[in-house]
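Trainee: Feature annotation from TrEMBL assigns transmembrane segment to A:12-36, A:70-89, A:96-123, A:149-175, A:196-218, A:259-278. Per TrEMBL, the feature domain 'ABC transmembrane type-1' maps to A:66-277.
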Amino acid sequence: MEKTVNQKAWFLVLPVLLLVAFSAVIPLMTVVNYSVQDTFGNNQFYWAGLEWFKELLESERLHNALGRQIAFSMIILAIEVPLGIFVALNMPKKGFWASVCLVLMALPLLIPWNVVGTIWQIFGRVDIGLLGYTLDALGIAYNYTQDSFAAWATVVVMDVWHWTSLVALLAYAGLQSIPDAYYQAAKIDQASRWKVFRYIELPKMQGVLLIAILLRFMDSFMIYTEPFVVTGGGPGNATTFLSIDLVKMALGQFDLGPAAAFSLMYFLVILLISWVFYTVMTNLDKRDGV
Amino acid sequence: MADASLNKTASRGIALPKIKGNVVVMVLYLTFLLLPIYWLLNMSLKTNSEILGALTLWPNSLTFANYATILTDQTWYMGYVNSLIYVVLNTVISIAVALPAAYAFSRYTFMGDKHLFFWLLTNRMAPPAVFALPFFQLYSSVGLFDTHIAVALAHCLFNVPLAVWIMEGFMRGVPKEIDETAYIDGYSFGRFFVKIFMPLIASGIGVAAFFCFMFSWVELLLSRTLTSVAAKPISAIMTRTAGAAGQDWGVLAAAGVLTIVPGALVIYFVRNYIAKGFALGRV
């Protein structure tokens, strides 16, 4: 659609600008302020310059948390994206059962994140949870509060349970937009099921899949509540991801300086990825001529 | 004619042989999704002695005592009331400020519009953990700590951008000629917007409101940090009890089930827009 140039449109945007400035810019300024100062209590602050940033960049604690975070995001992407596509391909195309599938699949997406944690905390317990009990009965040693592998497996399966439907729903929306004529042409050419997928469905899903991957990457990169409820970051530090570590530092130990420097670097990473996301998306919009 | 018959045979030829495989996959996947939820529901209907006793696949001694505990104990049910208050406040604020902005983005170009649109997006992508501490200090200093409006405003951080993006997506689908005709007919901007434009994008407003409601409802970190007693949300009350020794599992499960209810009630109406909402209106 052709848009008119109209500078007065700024007035329509003004309320949003003011509100988001209040809830984003002011807090961010306090963070910047803390990140360059040191305190010995009593609200006495001293200029610390870039000391905190230097200290954090060399801190093993941050490196470990970042490593765990990247590993977690990569693992869940590697599982959720193919599984989501596979589920979308198997969903009914229309009618009553399509509605049933949509509603049931969306259910985990609407559950409060701490309840997601609670559900899996209970489900995985050896004494009262179905999963834990079954694994135990099969003779598999499983205890997510003590064994770091079990903790990781629980957190990963929980995330797959929670968010695979998002990928599936997006892929499904992409599949729905493919005209029937494409399938008929493939049928005439006697294309195999794999070739239909590779040369018709996958290219047509490209746009939505990109959104799905980036959304899942973002949200898994800032995951806090679910693993916090299930494992509390433990056993030891095994499932302490970036957000959990940051909250520990900021609200638990009240180390304002390092926490603020940590926040800024965390935010910059997210900003960079958002920018990539935005550029790719606007280019796709342009190409499709929406 | 030939085309139509080809169409029939083609769709039959593709659909029939793999129906069974499809059903198996979907049944397996849905079972995986629903089993943990069923287990929570199952536990919420059991007595604690049955929960801690031998594992039973369904409640042998069905009880609603756990739900009764929550609905009669003020420290429990006020959590739901508090959550609902700030969630509704947040939804109203978000939609009210996002409506004109979404209209501006969908209709006009103006200086810095692309940068502004991107800047909004970065707020949706900002980790709440980064904002927890500064929010705590900001709202404490202006005397809003432990109030509903504080949480509502904090959640605007990610809900306003979300609402703008979703509604912009819907508004792009409304042809601009409608605006122009209305102006020629002598409508003022305000009257046109309320009387003609808003009914046209009613479904968009509904979807945006649903997603604002949902993302505010599921969030824990900010709402927990910004409240202590008077505005404590249900999610924070649940985590507090989860840490206690001598856990009351039945009540915890019942509280969990009750938090799923609001989403489950309206999910049917937005089922076709769920993908669009999660993808910020870009599908």
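Just so you know, glycine gets a Cβ as well, placed from its N, Cα and C.
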Trainee: Out of A:12-36, A:96-123, A:149-175, A:196-218, which stretch has the largest tally of CB pairs under 8 angstroms to the transmembrane segment (A:259-278)?
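Mentor: Ranking A:12-36, A:96-123, A:149-175, A:196-218 by Cβ pairs under 8 Å to the transmembrane segment (A:259-278) puts A:12-36 first.
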Trainee: Can you say which of A:70-89, A:96-123, A:196-218 has the most Cβ pairs under 8 Å with the transmembrane segment (A:149-175)?
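Mentor: It is A:70-89, which has the most Cβ pairs under 8 Å.
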Trainee: Against which stretches of its own chain does the transmembrane segment (A:96-123) lie, if we need a Cβ under 8 Å and a gap of at least six residues from its ends?
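Mentor: Result: 87, 129-132, 154, 157-158, 161-163, 165-166, 168-169, 172, 225-230.
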